[in-house]
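Pulled from TrEMBL:
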type	residues	note
DOMAIN	B:59-198	domain 'Yip1'
TRANSMEM	B:63-81	transmembrane segment
TRANSMEM	B:93-114	transmembrane segment
TRANSMEM	B:126-148	transmembrane segment
TRANSMEM	B:154-176	transmembrane segment
TRANSMEM	B:183-201	transmembrane segment
Amino acid sequence: MLDNLNQDVSILQPSLQMTDSQIQNRIRQMKMEDPDDQTCYQKFCNLFTIEYYREYFDVTTELVIAKVVNAFNPFSGTFFDIGGGIPELYGPFWILNTLIFTTALSVNIIKYMQLQPGEHFEYQFQIVPILTIFMYLKTLIVPMIYRVALKCVSQDRLTLLHCLTIYGYSAVVMIPISLLNSIPNPAIQWMLLVYVLFAQTSFLTSNFNQELKYLPKEKKYMIVGLVAVVQITIMILYKFYFFSSINYEQLGLVKKRTTTHLLPHILGAN
Amino acid sequence: MDYSNQKHPQNYSQMEDLKTLDLEESVSETIMRDLRMIAYKLKYVLIPKEQEDNGKELRNWDLWGPLIFCLTLAMTLSFKADSTTSSSKSDVFAIIFVLIWVGAFVVTLNAQLLGGKVSFFQSVCLLGYCVFPINIEAIIIAFVGSYLPFVVKLIPVIICFAWSAYSSVGFMASLVPPHKKKLAVYPVFLFYLFLSWFSLIV
């Protein structure tokens, strides 16, 4: 039975370059079409095996590094050309975790640098779970928004995993920025925010632009505009929630007044 | 019965050969036997010269060692944590505990997904044993940290972090195919960096 399947695979697409795990997944899919050959476990619990996800981790070091370097370049829309545009989950997942670590680090550094003389340093650990939830939710929900928008303009070439991949890699720009954000100078912080907003948004928009070349102009600009708007919202939330504790009076930059946090004002709290 | 002149067993499979009667020996002997096994494995993992057979000893994995080191680290750091700050002692304990086990789980899962063929618990065992240098630095900083400036505190942190990372990297890199080595090693590096940063900052 398995020999037949192997032959079928090679007959169908003899010239397609497939990696080992893709071949195994294809064989498993073809096996699944034959209802006698699947156990109940295979039918329902395939989602829980490791082999199911191995296809998405099929990357080499050079590929990941090439994608990361490409993500720093906001104008070339060539992200989906690297490595054949295969969606993968390794890059987004570990970039996310690195970002959580560096943001927690820089929030604590800011607090440390703003110590009044004689005050004991209070490290802040609850930032870590909050950050984790924020980052993971952001990385799950925003690609879904992209996918829904793409479905509305009936574009099916970019799947949800493609959107996840490109969104995860676009977050690489935030890693050095979050480290540099630990400098308590507000002018530098705003400049860094503007830079990362610009870099990440233009990376995403130029790549989507490239992919959606053949769509009519209005739909294309709608998608691209949606990407930009969502990005701007998230960056503003990020800046004002995590880096809002900077104490302007202590730095002697403004006259004495009570510190206001913008976000609770926006949300209508006291 | 006199067992004093028998060779100390180094893992649970050797124990059965000795046919020791566990119910007859004192509690201290049982505990000492387990502690000796942990100490043997620790020396094996952390001192690179002892590894002559390329990690075969690790097939006898056990999770007692990682549990002890995880608990000591969490207790040291939460003991040092002030109860007046926004993070209470129990928060710190919980975060460290969860971080070590979930972190070891995620790093091992990553190595398996990249195509490594290793037993899951073997890798968790190794990562847990390599937390021992971080334990040492946490204890050093807890006792003498308040008298030292920040830069001096960095030195044992960096040394212990390099030691943990170096011990576990050799094993992790041997699990995956050669063009994915750095991909499997980077999460280990991040994991120990996170732990070292926690022990530095408390």
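Count begins at 1; order follows the chain as displayed.
Including glycine, each Cβ sits where the backbone N, Cα and C put it.
TrEMBL does not curate its annotations; it predicts them automatically.
What you see is a predicted model, and the numbers here were worked out from it, not measured in a lab.
Long-range contacts of the transmembrane segment (B:63-81) within the same chain, counting only residues at least 6 positions beyond its ends with a Cβ under 8 Å from a Cβ of the stretch, are 34, 38, 41-42, 87-90, 92-93, 96-97, 100-101, 104, 121, 124-125, 127-129, 131-132, 134-135, 138-139, 141-142, 145, 195, 198-199, 202. Long-range Cβ contacts of the transmembrane segment (B:154-176) within its own chain (Cβ-Cβ under 8 Å, at least 6 residues beyond either end) map to 45-46, 48, 51, 54-55, 58, 107, 111, 114-118, 123, 126-127, 130-134, 136-137, 140-141, 183-185, 188-189, 192-193, 196, 199-200.
Secondary structure of the domain 'Yip1' (B:59-198) per DSSP (helix as H, G, I; strand as E, B; remaining residues coil): 114 helix, 0 strand, 26 coil.
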